[in-house]
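Q: My questions all concern the structure below.
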Amino acid sequence: MDKLVDHFLSDQSRTMNEDLFSATSTELCYENLNRSCVRSPYSPGPRLILYAVFGFGAALAVCGNLLVMTSILHFRQLHSPANFLVASLACADFLVGLTVMPFSTVRSVEGCWYFGESYCKFHSCFEGSFCYSSIFHLCFISVDRYIAVSDPLTYPTRFTASVSGKCITFSWLLSIIYSFSLLYTGANEAGLEDLVSVLTCVGGCQIAVNQSWVFINFLLFLIPTLVMMTVYSKIFLIAKQQAQNIEKMSKQTARASESYKDRVAKRERKAAKTLGIAVAAFLLSWLPYFIDSIIDAFLGFITPTYVYEILVWIAYYNSAMNPLIYAFFYPWFRKAIKLIVTGKILRENSSTTNLFPE
């Protein structure tokens, strides 16, 4: 029997006996149950710090991505096929903050799962669905940016609202179908039945994934990653070439003769740069986790608990990063936030507000 267990996107409750902060004693998750999992509680100080750090991440993911979705869906100036992809990506990150991070906070700090066996499986499915949905969205966004930068004049006719809708539908359907079917058919536990039986206890949320499915999970992350790296490499080369062409003209000539195509290309390059940073942040956040998952599966479950928890929460925190990236690089997003938080969004005709002043 294959005795290697991997966590399907961070949803296994490991005993917290190797934590960064020392535990005070060993207890049971449910004191009156013989089949209860063992927990190692933190002392009050570290416990409060961890709740604050994890809770802040969840709140930022929920509020920040809610602002992104509200901005794009409310203001008509932002109604574009590319921005609809960004709004859908924000929805995935919003759902991570709402349905995954709060429960994982309790699991990570308390060392126990108190939300029932049914939601344990849902929680795992949500993690898988939202993670893969995010990477598929980012992959489509990179293709969108490549078309916009390489051929800005024909871009509006090539990447239409219909194309954007198909990309969004594909990203969500494939992610949800894959994650839920994998866990609810039990395919992930094939060959691990005896080990699962030994590990099962009340207050745990253990999801066993055999080597075959760990490898498939890794491929679902790796293939879109390679596509994005290739596409953004081409975008970088195109942007560099366009910049060199502009530099060949004198400043005075450039002001007089700068074409509509040049202005559009400049705007699209800036958007590509910002979204490229979002892609890089996603890859840097999730790549260590996926590398660790495949190492664990094939080398015998060797990752220390505290290392695993750090990798999981780095990945979770990515859901809170995109709104910060947009706020830093997009003046229109900062203006939209101001209109939303001051309540001006409730005024009549606020949806027609100009977010791009000259």
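Cβ from N, Cα, C; glycine included.
These figures come from a predicted structure and were not determined experimentally.
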Q: Can you tell which of C120, C125, C131 Swiss-Prot lists as bonded to C205 through a disulfide?
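A: Candidates were C120, C125, C131; Swiss-Prot matches C205 with C120.
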Q: Check the candidates N34, N349 against Swiss-Prot and report the one noted as N-linked glycosylation site.
A: N34
Q: Can you tell me if Swiss-Prot, going by its topological domain labels, places R39 on the same membrane side as Y308?
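A: Same side, per Swiss-Prot.
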Q: Please give me the recorded positions out of N34, C120, N210 that lie within 10 Å of C201 (disulfide bond), comparing Cα atoms only.
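A: The recorded positions passing the 10 Å Cα test are N34.
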Q: Going through 122-143, 167-187, 213-233, 310-333 one by one, which has the most CB pairs that fall under 8 Å from the transmembrane segment (84-104)?
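A: The stretch I would name here is 122-143.
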Q: At 10 angstroms around each C-beta, which of the disulfide-bonded residues C37, C201, C205 has the fewest other C-beta atoms nearby?
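A: The disulfide-bonded residues C37, C201, C205 were compared, and C201 has the fewest Cβ atoms within 10 Å.
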Q: Given the glycosylation sites N34, N210, which one's Cβ is surrounded by the fewest other Cβ atoms within 10 Å?
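A: Lowest Cβ count within 10 Å among the glycosylation sites (N34, N210) is N34.
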Q: Looking only at residues six or more beyond either end of the topological domain 'Extracellular' (105-121), which have a C-beta under 8 A from one in the stretch?
A: 11, 13-16, 29, 37-42, 47, 50-51, 54-55, 58, 183-184, 203-205, 207, 309, 312-313
Q: Just to verify a number: CA distance, C120 (disulfide bond) to C37 (disulfide bond), in angstrom, no decimals.
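A: The Cα atom of C120 (disulfide bond) is 15 Å away from the Cα atom of C37 (disulfide bond).
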Q: Which one, 48-68, 167-187, 275-295, 310-333, has the most C-beta pairs under 8 Å toward the transmembrane segment (213-233)?
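A: Between the candidates 48-68, 167-187, 275-295, 310-333, the best contact partner of the transmembrane segment (213-233) is 275-295.
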